Amino acid sequence: MSSFGKVAVLFGGTSAEREVSLNSGSRVLAALQGQGIDAHAFDPAEQPLDALKGYDRAFIALHGRHGEDGTIQGALEVMHIPYTGSGVLASALAMDKFRTKLMWRAAGLAIPEYALLTADSDFADIEEELGLPLFVKPAREGSSIGVTKVKERGALKAAYEEAARHDPLVIAEKGVMGGEYTVGIIGDEAMPIIKIEPATEWYDYEAKYNRDDTRYLCPCGLPEAKEMEIRKGALEAFRILGGRGWGRVDFLMDEDGKYYFLEVNTAPGMTDHSLVPMAARVNGMDYPTLVRRVLELAAND
């Protein structure tokens, strides 16, 4: 019997990212069980949360709403079960791209210019103000679900309507076209940066999960001093939201080398296409060791 006791691996759930979560969770479960840990699958869509009583720890491999937005974290707090990843407030903030931006801007971090959209927005004015291309996003979804790249004038309203199908809170974000990068965080350490080069026009759901021609560069090609500066900044961005345990910070870089923080993922994917396992591997940590380390960092607020 391991020192972790009885471990629930939470995956599946009811969000739009259920399929990704099932993939992540099944791999996490196998990695834990392969190390002799008493780990069990737990799908909140199929089992009542009361059934978690008697578990000693929880590994959260849920993605999206009710999984990384503070909801399941609050339930685990009430049951006094230590869990992986960030606490209630940090999870809720990070899931909300709009409020993440408010926090980061107040702290002086660089972020892409953006606007909140409603059905009554002057879409032509916003296109003019932000310029094209821009990205329209549901503020509280992940995996690029509901996201549209707007390249032509007059297309913003339709993009808003698509995003609003997923979330009434919608943002339009100025496109930063120099490159997309991500920084995995484990404990107090920022992992090596990964540069993402999708074969598609941008890093959408298809490129993230279903294609094998997306390129992931690690080392990312940035000068060492620049990489260390950004890794330090990513830790700061994570901590400003109250992040703990592990996570992932995404950022964009423009053609002049200026970087802009984009969002935080507090329950990163653990699939065979996922980014934190890639960075950990470059850092000398294989998948089972990574999963065990994340579980070691489980805590309560």
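We count from 1, first residue shown onward.
Using the three backbone atoms N, Cα and C, a Cβ is placed for every residue, glycine included.
Note that the structure is a prediction, hence the values are computed from the model and not measured.
As recorded in Swiss-Prot:
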DOMAIN    101-296  domain 'ATP-grasp'
BINDING   127-182  ATP binding site
BINDING   D250, E263  Mg(2+) 1 binding site
BINDING   E263, N265  Mg(2+) 2 binding site
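Neighbour density for T148 (ATP binding site): within 10 A of its CB lie 20 other CB atoms from the protein chains shown. Ranking the binding-site residues E162, E263 by other CB atoms within 10 A of the CB puts E162 at the bottom. Here the CA atom of D250 (Mg(2+) 1 binding site) lies 13 Å from the CA atom of V176 (ATP binding site).
For E127 (ATP binding site), applying a Cβ distance below 8 Å and a minimum sequence separation of six or more within one chain yields L134, V150, R153, G154, L156. Cβ neighbour counts within 10 Å, taken over all protein chains shown, single out L134 as the most crowded of the binding-site residues L134, A155, L169, V176. If you draw a 10 Å sphere around the CB of N265 (Mg(2+) 2 binding site), it holds 24 other CB atoms from the protein chains shown. For E141 (ATP binding site), the same-chain residues lying six or more positions away in sequence with a CB closer than 8 A to its CB are A16, E17, G64, R65, H166, D167. Per Cα geometry, L169 is the residue among the binding-site residues A155, E162, L169 nearest to D250 (Mg(2+) 1 binding site). For the pair E162 (ATP binding site) and E263 (Mg(2+) 1 binding site), the Cα-Cα distance reads 21 Å. T148 (ATP binding site) sits 20 Å from N265 (Mg(2+) 2 binding site), taking the CA atoms of both as reference points. Geometry remark: A155 (ATP binding site) versus E263 (Mg(2+) 1 binding site), CA distance 24 Å. The two recorded residues N265 (Mg(2+) 2 binding site) and L169 (ATP binding site) have their Cα atoms spaced 18 Å from each other. Summed and averaged per residue, pLDDT over the domain 'ATP-grasp' (101-296) gives 93.
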